[in-house]
Amino acid sequence: MPNRPLVLPILFALLCLGIALFPLVGDTFYVRLVAKIVVLAIFAMSLDLLVGYTGLVTLGHAAFSGTAGYVTAALVNKAGIVDLPALLVAALGAAGAAALVIGWISVRTSGIYLIMITLALGQMVFFFFHDVAFWGGADGVNLAAKPELTMGGVTLLDLADRMVFYYVALACLVLVYALLFMVSKAPFGQVLRGIRINEGRTRALGHDVQRYKLAAFVIAGLLAGLAGFLEVVRSGFISPAHVNWHESATVLIVVILGGMGTLVGPVIGAAALVLLEDWFANLTVHWKLFVGLFVIAVVLVLPSGLIGLAGRIGALRWSQRLRRPGAQSAVSKGAEVAREGAGDA
Amino acid sequence: MLPGARRDRRPTDTPAGRWCTATRPGGSTSTVASTCAAFLSIGPDGSFGMDASISYLIQILNGVQYGFLLFLVASGLTLVFGIMGVVNLAHGAFYMVGAYLAFWLSTVTGSFALAILIGVPISVLLGLVVERIGFTHLYHRDHLYQVLFTFGLILVIGELRAILWGNDVHGVAVPPLLSGSVALTETQSYPIYRLFISVACLAAAVVLAAVIKTTRLGMMIRASATNREMVQVLGLNVDRLFMVVFGLGIGLAAFAGMIAAPVSSVHPGMGDEILIVSFVVVVIGGVGSIMGAFWGAMLIGLADTFGAVLLPGAGGAVVYALMALVLAWRPNGLFAGR
Amino acid sequence: MAHLNVGLSRRQLLAMAAIGTAGSALPRPVWAAPRRIKIGLMLPYSGTFAALGHNITDGFRLRLAEFGDRLGGAEVEFVRADDESSPPKAKDNAAKLIIKDKVDVLVGTVHSGVAEAMVQVAREEGILTIVPNAGSNRITRELCAPNVFRTSFSNWQANHPCGDVMLKDGHRDVVLISWNYAAGKEMLGGFKESFTAGGGRVVKEFMPDFPKDEFQAYLTEIAALKPDAVYAFFSGGGALKFIKDYAAAGLQGKIPLYGPGFLTDGVLVGAGAAAEGIKTTLHYAHALDNPLNVKFRSAFQEATGRKADVFAVQGYDSASLLAQGLAAVGGDIGAKKGLIEAMRSAEIDSPRGRFRLSRSHNPIQDVYLRQVRNGEEVVIGIAGKAVEDPATGCKA
Amino acid sequence: MREPILETRGLSRRFGGLRAVSAVSLSFEAGVVHAILGPNGAGKTTTINLLSGDLSPSEGTILYKGRDITALPVHARVHLGIGRSYQKTNIFPELTCLENCRLGAQARLPGWLNLVKSASHYGEIGERAERALALCGLEARAGAAAGTLSHGEKRQLEIGMTLATGPDLLLLDEPLAGMGIEESRRVVDLLKRLATDHTLILIEHDMDAVFSIAERITVMVNGAVLETGSVEAVRASPAVQAAYLGEEHAA
């Protein structure tokens, strides 16, 4: 984008610095909370690639993180594998494979069909983990041990140590940000942006949009898998609820709340949602009422998220470049083109 | 469905054989014998038996009854999308609201019929309020915002329900007139109320079809489902049409929740459960198609029922496996593009 | 509800936290002002199991009131956390109580999956924990720990005795049905173990998804299979629905219905005649004729306006157990070793009858056989005397 | 006669019961500007859509440089050198003019999974995009957001983006639609310039423009080809005069 200042990357750097320094001052409980935020932020960033950059609204993203989590738990509990690289490869591989299959079916559709099909396929994955006894059933399973990185008999990283985990998660956040930043600037990311703005024209310029969408699905799935891996290690627990569509909807909210298509937005959104939930939950048992009202309010008055709000308040020009809520969805556009074609006939 | 999948029946001592022989000495030998023969010939699992056949008949009735309920919910979902272009994730929440209203009103008024008569208008009214306050702002916005808005709505409706009626599971008594069962064999019978559900849903479906086929409103619905701009061109009041369609959808969902309450009991998660299955129905049938919703609902109703008993432990997956099959075959559903 | 722990107590909480840190750094001053104990109640206060959470809480408080609201001389303060019976949130909720609220004792919970996750955190943090309901076998088997106690039952324990009962009643071929979740599988598993060992045969096992309560398809199948009897585990609304549907399907009286006591507890009024004749086994029965039970039931009714049930008993006994332990160490929660030793060897006078704990900290208790007759739960015998969970895999 | 670059054989397209295009067999010569004329509803845009791959034909085949491309999707045809512009402006309004063109230029990159190097570091993309922008006369507006351009400039950009894909054959659907006289003149000049090293197939209603640039003309009526040939031949055709031009002359 033209003349866009480096405000967002700088904001991200400041956030990461804050997170890195937080354990020096923060109470143990809040350090745990921040770790949760970091993992959720990675999850939301991975979805941002689809929603914010490519314009693909999906409601089955938890299927990928959940798959990674379950594969990790199974390998640790049933095979006794705690080797960090091996677990990561397996978890991400499984998540990527799930994304490839679900993506292959889904990218043939768009708009509302895409939402419905990803929701339905995501629930299929949910039932797979819920019903097949091997995975531990409806109540979920606890992780018997935490992964560790050893080399020549020396333990370099032991994720059972909360502080080690904290900084590993933070490093992953930075890594994922850097990766997505790079991808978004590369020709690949430019095509994704083209697909979001005008899919038909992108195709007419010679880009195989299906293939790009599928690749975006797989990349997003892999990164969601990383988030799922970190989450199961963080909480030491995985259950079908982690794969449920409510989880997918929640991470979508995180993306919108922060501001989609910005990469920093998901971090801010994750922090806002986790802290808000904690606050509401302390206030009343009916905290979901307030979360629900909050979500509705965001949709109606804050469509460009907190980043957009900050932009508006700070009169920062780039905020206007964020995606407009009024933008037509791909479906209605497609329908229009079809009608035009027929109308001329 | 898949009779061969049934494994653990012992052919030698199926009760059915006994039933046939035991009855034969009675008066109407020939008819019983021929009936037995008829059932024997279609004996579903390689074993022979009347009981088994009767049980299959009952399972089909169960599946169809569930299918009818699904149809009422899914048709509203697909109508609201086809005509208004809105994804309503909160559709299931209105099903749940209907069920809780049935519980509450039938306790207050003492009459289930009265509860339905009062409850449906209340739900529709609630739906219209939501439509006016929220949905009107969303018609021209990306589906993304519709998804999030209606997800927020699910949370809000769910918590309001918790505040009003708590989180307990409630039973709703079957109205005395419809309680009791039709005895089919020594141990097998079919509850009258379930027949009533099927009949009531069928009636609602017929009325819906008649409205869409013959009335001016139906003409508008058909027109706008094909081409939304056309309605505006024809000078019809789109605003009012949207209200009517949304109200109709909510009314159907709430009505389904109400008549389902006595058999499925009333619990907080019911809206979510029916929503997901309805989505599957809509996806299988083809988004926006009423016919698709009907056949999709029947397919899922039967698959779910037979999956539950034939593949205990993997019943939940049957529905989704079916969906995956249909999508692999027809990515836009069975009745896509009308 | 949750506002119990806001306001004044929030400030006390901070003060407590300050004292707590100071106390752990220095040797505990013996002359300190009245000792205080902070108890974290991690129970469902919303959702399907809310009523159970409240009864456990009130049973606990009732017992506490009998001690003048002091345990071993120490004042008691409660912090409540609603666990929503949500396993994914269990670890965060437990951590919140232990780390943020800095409770001394953790009491919870109802849902087995939540309890397992909670116990894992408790093991990591080494905090004294009492499980007042969740029957997951694993809690006193693989997950057993010196600091984890259970005053309720193991799922195995509540069901194992019924196998012999049904065989004695002459039933050989049975159909099993329960929700498809860990508790359901363990309940049916405990039953199957003794039933098949005694020569019984399981014709078919149905596992509908939790908490689905549309049973028609399964009942149709049962009617066609015509087993000698049906063994079912459901609870709460699901149990009520199952009992009513079972009768409506015309099976009542034709195919006898058995199950663990949760099948009929709390649903008799709602079920009416449909529950007639159902036989269940449990470590408690309302009608138990011992003086403590009579006294407990009337006191509970007076205090809460509700009828006591097995959950209230378990809450009540949890307080008894903690009281015995703290009495032995003079209310000093820091004296972990003495406290745990005293609790392990305690004998609890319970409304269910006197019991003590096994080496894995699970009650060794009688399991009663009950039957619904004329709308009342009647104790018709003892299904198992001093039943002890095998504690397979407990290494503590 | 020069080498045909594109040929159609019995090309038909039905929408439901409606035959939008029926049995169109045409040959487009390389390096020639070929205009398709016809009243509204004659099937012109549908024909372009069939040629570009936006629609697939119900019957018939399309040959490009002797190769059957009937089954090829849009993007694959672009890679072979077929570019198109749309009747209704179809651009990326949020992006700058240069970025619009870059997206077109990128199509010719070898491979598609270019994830690492920033797009702005691909020299050849930038050059190609700038060349296209210069060719369509928008050099000065390179940094402006496409949505802020005037209508005429948008039409120029529409062509520029297509040029950036490096086409040999351009399918132009009413490039002059909705333009003022001055703007039209600019675009006609552009088309003349393009005609020197591209094959152009265009639909246009502006007869003066058509006659000033087209070498060959096809007249379509009701989905079928009425007449095809040189400008003079078509002008002289009695059938065309009767069916189409005649009406205008009468008016």
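Here the Cβ of each residue, glycine as well, is placed from N, Cα and C on the backbone.
The transmembrane segment annotation in TrEMBL covers A:6-25 (among others). Non-local neighbours of the transmembrane segment (A:6-25) in the same chain are 31, 34, 38, 163, 166-167, 170, 173-174, 177, 181, 262-264, 267-268, 307, 316, 318; each lies 6+ residues outside the stretch with a CB under 8 Å from one of its CB atoms.
Listed by sequence, the residues of this chain that lie at least six past the ends of the transmembrane segment (A:37-64) yet keep a Cβ under 8 A from its Cβ atoms are 19, 95, 98-99, 102, 106-107, 110-111, 114-116, 118-123, 125-126, 166, 169-170, 172-173, 176-177, 180, 183-184, 189, 192-193, 195-197, 199, 212-213, 216-217, 219-228, 230-231, 234, 242-245, 247-249, 251-252, 254-255, 258, 260-263, 265-267, 269-271, 273-275, 323, 330. The feature transmembrane segment is assigned by TrEMBL to A:37-64 (among others).
Taken from TrEMBL, the feature transmembrane segment applies to A:84-105 (among others).
With a cut-off of 8 Å between Cβ atoms, the residues of this chain six or more beyond the transmembrane segment (A:112-129) that come close are 56-63, 66-67, 70, 98, 102, 105-106, 135, 240, 243-245, 248, 329, 331. What TrEMBL records for A:112-129 (among others) is transmembrane segment.
Same-chain residues lying 6+ beyond the ends of the transmembrane segment (A:164-183) with a Cβ under 8 Å from its Cβ atoms: 9, 12, 16, 19-20, 23, 31, 34-35, 38-39, 41-42, 45-46, 48-49, 146, 157-158, 189, 219, 223, 226, 230, 233-234, 263, 267. Under the heading transmembrane segment, TrEMBL lists A:164-183 (among others).
Positions annotated as transmembrane segment by TrEMBL: A:212-230 (among others).
Note on the transmembrane segment (A:250-275): residues 8-9, 11-12, 15, 33, 36-38, 40-41, 43-45, 47-48, 51-53, 57, 59, 61-62, 173, 177, 180-181, 184, 295, 298-299, 302-308, 322-323 of its chain, located 6 or more positions outside it, place their CB under 8 angstroms from a CB of the stretch. Under the heading transmembrane segment, TrEMBL lists A:250-275 (among others).
The feature transmembrane segment is assigned by TrEMBL to A:287-310 (among others).
Sequence-distant contacts of the transmembrane segment (A:84-105) (same chain, six or more residues past either end, CB-CB distance under 8 Å): 60, 63-65, 67-69, 71-72, 75-76, 117-118, 121-122, 125, 147-149, 157, 159, 213-214, 217-218, 220-222, 224-226, 228-229.
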